Each structure stands twice: as C-alpha cells, then as structure tokens.
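Peer 1: Once you've had a glance at the structure underneath, I'll fire off some questions.
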Amino acid sequence: MELPAALSRQTTGKDMMASSPSPLLLGSSSSKTLLIHSHGISCDKIRGLFVRCSSLRPGVRASRTSVRGDEMNLVSRRDLIGLVLGVSTLILDSFDAKGAGLPPEEKPRLCDDACEKELENVPMVTTESGLQYKDIKVGQGPSPPVGFQVAANYVAMIPSGQIFDSSLEKGRPYIFRVGSGQVVKGLDEGILTMKTGGKRRLYIPGPLAFPKGLVSAPGRPRVAPNSPVIFDVSLEYIPGLEADEE
C-alpha cells in the first residue's frame, strides 16, 4: 500500500513582465501623406493611426492648418482614451488585490475551537521515548494488538497549527498495520495505547517524526528535518477484531 506523504518516513524532494506596446502608442512616427490618384483624392496619414482624405478637384484645397488642428484633436482623444483605460485597469487591479487577500479555506479538523479550550485543562502524558499526548476522548472499545490493522483518521500539523496532511480531506480513514513501522514512530507508539472510538493529540518529537523532513507543496507547509509535529488521531475501528469478539 502506498502511504500518504505525512505518514511515510521517507521524504520527497520576479517573473520578468514583458510589456507589449500599447495599441495607443503604435505608429507614433511623424505624419506621412498617402496619395490616391485614381479618384482624385489625397489622404494624410496622421501618426500612423488615422487617415484624413480630401478631394483634389479644382478650387478645393485642404488647409494644412486644419489638418494640424484635427491632428491635435485626435491626440487629445487618444489621451482621453488612455486615461479611461488606465482608470479601468486600476479598478480591476484593486478587485484582484482584494480577491488575493481572502482568507484560505478552512480545512476540516478533529479538534475544533471548543476542543482546543478543553485540551488546556487535560493533563499531558509523557512516555519514555519522549512522545507526549493528551486524550481528547477516551474510547470504550479494545486497544489494537501489535501487528493488527487499524482504521484511523488523522490530521497532521506543524507546531503553528498548519495542516500538512489529513485523512479527512481524502474522505476515508487510513488503514495500516500498527506496530510494524508502516507509519512514523510517534504515531505507531501513540495509537497502540488508544481504545477504539477514542481521540488523542500526539505531540511527536523530531526523532519520532520525520528525520529527513518533508518538502513543501501547494497547500502544504514544509516540515523541517527532525522538527516536532502534532497529530490529532481518532481510532475508528480494528478490522477483524470486532468480528472475532462477536
């Protein structure tokens, strides 16, 4: 069976923004005149963007002053469009910033806020190996014998409370053979003295957790080598043991 990353003892291993030229700045070279003789029409290309055409019929001549005036009007129009686009961009950026500042989605836990307060008054038990634990709820069923499979839910956290693995997110309990080294030593030891139906918080020291650490991943914090971790675990059932007792 392939183990979840949090339970296995083995570890796994300014963008440059290219600004494309704005469409409002394209073709900003000096004015050029385009002549179309077939129909007696001359066209002035103003800054590479707009074309002003006039008839070349006798007695009709476009005023160069008028062309310059129109050009200035077009420049003013471009400035206005640029201003509108700039304001729109600022508004959109502000929405993006607010969206990025939303709190992360709350992940399911075995111990809620009320549970956390109750744990403050629960005595800590320390074993010879250095493992510590507090019972959130004492179960009423049997304890698992060494070598038996158990079905357990767990939420694995770093000391700050950030979750780096959880069976609750997978939607099913994790089944493993207890006492056989299939999970980290602290979890193996801690679950052996639990009773079915119980919940326990395990404070696992570094040597009993991940000696090589765990690399970070999307939505998962890094676990430094030999750093302490916290496991909330609930012993759901022991496959086969209940059937034998019946």
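Glycine too: its Cβ is placed from the backbone N, Cα and C atoms.
What TrEMBL says about a protein is an automatic prediction, not a curated fact.
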Peer 1: Could you check which of 1-22, 45-66, 89-110, 199-220 is flagged in TrEMBL as region 'Disordered'?
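Peer 2: That would be 1-22, per the region 'Disordered' entry in TrEMBL.
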Peer 1: Report the DSSP secondary-structure composition of the domain 'PPIase FKBP-type' (147-239) as helix, strand and coil residue counts.
Peer 2: 15 helix, 36 strand, 42 coil
